[in-house]
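Chemist: Once you've had a glance at the structure underneath, I'll fire off some questions.
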Amino acid sequence: MSESLRIIFAGTPDFAARHLDALLSSGHNVVGVFTQPDRPAGRGKKLMPSPIKVLAEEEGLPVFQPVSLRPQENQQLVADLQADVMVVVAYGLILPKAVLEMPRLGCINIHGSLLPRWRGAAPIQRSLWAGDAETGVTIMQMDVGLDTGDMLYKLSCPITAEDTSGTLYDKLAELGPQGLITTLKQLADGTAKPEVQDETLVTYAEKLSKEEARIDWSLSAAQLERCIRAFNPWPMSWLEIEGQPVKVWKASVIDTATNAAPGTILEANKQGIQVATGDGILNLLSLQPAGKKAMSAQDLLNSRREWFVPGNRLV
């Protein structure tokens, strides 16, 4: 194989752990792992380690958990490892310019979109939300900007009509490690060909919020159906009935024109709960009332038919 590189890995969630796992079997030398501090989790608010910390400790790797990389003493932790390259995957901390310049080959990042489209915090969700036909991963050389560095390698995958953010996350978690290993080989061989991002093609993937996930019936049925998939598994599209939030897990579009006001219930039967939108009809197929499990529209109608009387309006 190519030259074995000394690598610092920085990441936090499961998505990052899949990349570290691939690195550990690649023949490269992971000399240290940076991850976020343990966080309170669960009902007992017990301090829990990140998936990266768990994996790194299982493998006997040195683990560092600074709150910030701005203090000089924390930057020294990076310098002391004398790495060839630092691999950053969903780390969650800003890397100051001094840290970016420490490794011989700099720092590289795996981003969950085909840059320059969807720079920012929620690229997987926004690609679905916007109705993109494909997405993928970009491995880029990091600089001080937000996902602005030169692109080193890309892998793409189609977005299907059934994809949710959850399924797309899994697809990209398979692609990312493949792209990472290829990029490291090119960096080691000196064959990497950095490509500058075209600033005219930039879009930004803003963070999601629970309020954005509230169903706005003035939007088109097609847009709402995409939102339902984009916001699954978080924050989940929802509507309010009698003061209670009801999550929507699945819906379909019925391409039939209607003059009914957006939010008007048109039909409620075993085929679903059909609601007028700003353009077309949205057929609600799977819902989850507060405190209950997700269920089919038919099962919900069996217990709460009064919520979905045709002619009534959802707000």
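Residue numbering: from 1, along the chain as shown.
Cβ coordinates are placed from backbone N, Cα and C, and glycine is handled just like the others.
On a predicted model such as this, the values are computed, not experimentally measured, just so you know.
Dumping what Swiss-Prot says about this protein:
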BINDING   Ser113, Leu114, Leu115, Pro116  (6S)-5,6,7,8-tetrahydrofolate binding site
Chemist: Within 10 Å of each Cβ, count the other Cβ atoms, then let me know which of the binding-site residues Leu114, Leu115 comes out lowest.
Modeler: Leu114
Chemist: What is the set of residues, excluding Ser113, Leu114, Leu115, Pro116, whose C-beta falls within 8 angstroms of the centroid of the C-beta atoms at the (6S)-5,6,7,8-tetrahydrofolate site?
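Modeler: So the additional residues around the site are His111, Arg117, Trp118, Arg119, Pro123, Gly136, Thr138, Asp147, Met151, Lys154, Gln197.
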Chemist: What kind of secondary structure is Leu114 ((6S)-5,6,7,8-tetrahydrofolate binding site) part of, going by DSSP in three states?
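Modeler: SS state of Leu114 ((6S)-5,6,7,8-tetrahydrofolate binding site) = coil.
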Chemist: Please compare the binding-site residues Ser113, Pro116 by how many other CB atoms fall within 10 Å of each one's CB, and tell me which has the fewest.
Modeler: Pro116
